[in-house]
Amino acid sequence: MADVTYRLVICGLVQGVFYRGSMVSRANALGLRGWVRNRLDGSVEAVVQGEATEVNRMVEWARRGPSNAVVTSVNIFPSEGDFVGFQLREST
């Protein structure tokens, strides 16, 4: 099955609740590639790449996040790129 790549923008109470670290752990467990970072507007942005089934599992996880997060929306956009591993990036 071909790989898919999505950019996610996650809104709500998603900073200061270990969202990014939890996403890195989840992505590694699912064998995904890409990155995640905080944005200055209080949201979290991620690019997720891998097998469609596993990427969809990550999107479902992103809608919930870790236990202390309160996710109000996840905007999903098609994306491109070629990534190795899943990285925590600096805020923008």
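In case you wondered, yes, glycine gets a Cβ from its N, Cα and C as well.
Per Swiss-Prot, the features are as follows:
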{"type": "DOMAIN", "residues": "5-90", "note": "domain 'Acylphosphatase-like'"}
{"type": "ACT_SITE", "residues": "Arg20", "note": "active site"}
{"type": "ACT_SITE", "residues": "Asn38", "note": "active site"}
Predicted model, mean pLDDT over the domain 'Acylphosphatase-like' (5-90): 98
Rounded Cα-Cα span from Arg20 (active site) to Asn38 (active site), Å: 8
Helix, strand or coil at Asn38 (active site) [DSSP, three-state]: strand
The domain 'Acylphosphatase-like' (5-90) - residue tally per DSSP class, helix then strand then coil: 25 helix, 35 strand, 26 coil
